[in-house]
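Here the structure comes first, spelled out in structure tokens, and everything after it is commentary.
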Amino acid sequence: MELFIVESPTKAKTIQKFLGKGFLVKATLGHVKDLPEKELGVDLRTLKAKYVYKRGKKKLVEQLKKLSRRSSIVYLGTDPDREGEAIAYFLKKDLEKVNKNIKRAVFYEITPEAIRESIRNAGDVNMNLVYAQFARRILDRLIGYLISPILWKEFKNYKLSAGRVQSPALRLIVEREREIQNFKVKKYYYVKALLRKGSEEFWAIYDYRYENPSDAKIIAKKLEKGYFSVYKVEKKKEKVSPPKPFITSDLQSEANAKFGFSSERTQKLAQELYEKGYITYPRTDSYRMNEKKAKEFMNYIEKKYGKEYVGRLRRFREKATAQGAHECIRPTSLREEIPEREELRLLYDLIFRRTIASLMKEMLLEREKVTVEAITPELKHPVYLVAKGLKIVFDGWSRVYPSEITEEKLPELYEGDLLDLVKTTLEERKTQPPPRYTEGTLIKTLEKLGIGRPSTYATIVKTLKERGYVEVKKKALVPTEIAFQVVEFLMERFPTLMDYKFTAQMEEKLDLVEEGKLNWKSVVYEFMEKIFGKELEMVR
């Protein structure tokens, strides 16, 4: 018998179907070991950590030991990231006491071919990934255990917490709210004319911003006595590239905008789709797509929509943080629909259509700019108004993945055409404050700043809500009063923790640990020194 160990029962069930007899697939139900719940669990001088079994996991490991003893080989098929590697590491340490033949099987999608290939190429646990997880876990523990109690004491509120990613994210939300509160709305005005050619009407706008409505009214009144004609017609073709395939941040952002899903809900659903074998691994920051799969998708496009819709597999400049072997989030097959509950079907359909759209031809647009000349005895010089039109010449990728681009139709206009004036009017506009963050826009902002990674995005807003820092109103994240107070306190007491640049640099250093280019302890020591400074001696 060969033993194959994964984290979740769903994943185990899917893989068991693929491997059949001769294999036994078992699940750990997540991490088996972690730092203790009721103590720091880390020696601050040596960084030696005290990892203990999570509740119920010692018994589970004993059961796995019995199975390992009876197995010819043990494969550790946990997720292909820092957390999955740490689970594999602790399992190996326990199981190699009874069976030395233990291999790490790495795969990025749950299909028969991918699982068999992971078995053929099974190797050892990647210690660089494990060290990066140690560093991440210890950093988070230090902040949780050393800073959170300071907040409890200061604000007499035991729900409060601080975090390496959580606190800078809260700062973003609070600073945006301050911008909104300090924003002064200003009204301004444009003069518009409703014009007619034959039986067709269209609007043209005088492109001058009036602060005073009475000034705009004077011009509008004078234009009522004017003669209007087409002065110039400019047409320009424009290509609109298809969207990129999904990475974690894009998927969470899009599902939030389209379905109102929280990032945590999207991640749970995506994980379930992955474990059932429908999509590739959902925690990724790489846009890369397997060439063989891309060809299959492009053949599908040709058969379903025609050759003119087939695009190409584009190469994207990968972020420095993108892991080489990871792919974008894509379907594992050409299955258009899945026999699952509605939430899963919705998310799968979104991923399927986005993947197909990313390999289709560009949209082709024609933009039209018509300059209208108005001559009136009331004014010394002509006034020029502008009308804009937009025509979709070829729908391309938007046939599969709806675009926000809409047609703006104008009559067929030629230079010299005489036009009738129907009426003039003022259009009142207001300066807009910056919008509040939604979960989706917050994640995209954090990603742009280099804060957080695909595995952490889903938990950020969940934690902020649980701690009473934010409320969700009409999808927007609204900070509570305590959020303002905590951000102000942390900015004064622990400014480095709240510094966006420093947080991003720490993320980069964790990535370098993952690549084997930095020692994990040196990263933790540097972080401790910069965050806690002299206070570190007090807690030591």
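A Cβ is built for glycine as well, from the same backbone N, Cα and C atoms used for every other residue.
Residues 161-166 are the range that Swiss-Prot records as region 'Interaction with DNA', among 161-166, 329-334, 341-346, 353-358. Its Cβ placed at the centre, HIS31 (site 'Interaction with DNA') has 19 other Cβ atoms within 10 Å.
Counting same-chain residues at least six beyond the ends of the region 'Interaction with DNA' (161-166), those with a Cβ under 8 angstroms from any Cβ of the stretch are 139-140, 143-144, 147-148, 151, 446, 451-452, 456, 460, 463-464, 467, 486, 490, 494, 497, 503, 506.
Taking the Cβ of GLU7 (Mg(2+) binding site) as reference, residues of its chain lying under 8 Å away and at least six apart in sequence are, in sequence order, ALA27, THR28, LEU29, GLY30, THR78, ASP79, GLY84, ILE87.
Figure note: comparing Cβ neighbours within 10 Å for the recorded positions TYR145, TYR281, the maximum is reached by TYR281.
Cα proximity to TYR281 (active site, O-(5'-phospho-DNA)-tyrosine intermediate) (within 10 Å) is found for none of the recorded sites ARG136, ASP140, TYR145. Nearest Cα neighbour of TRP152 (site 'Interaction with DNA') among the listed recorded sites (ARG136, ASP140, TYR145, ARG283): TYR145. Long-range Cβ neighbours of ARG283 (site 'Interaction with DNA') (same chain, at least 6 residues apart, Cβ-Cβ under 8 Å): ASP79, ASP81, THR248, GLN267, PRO454, SER455.
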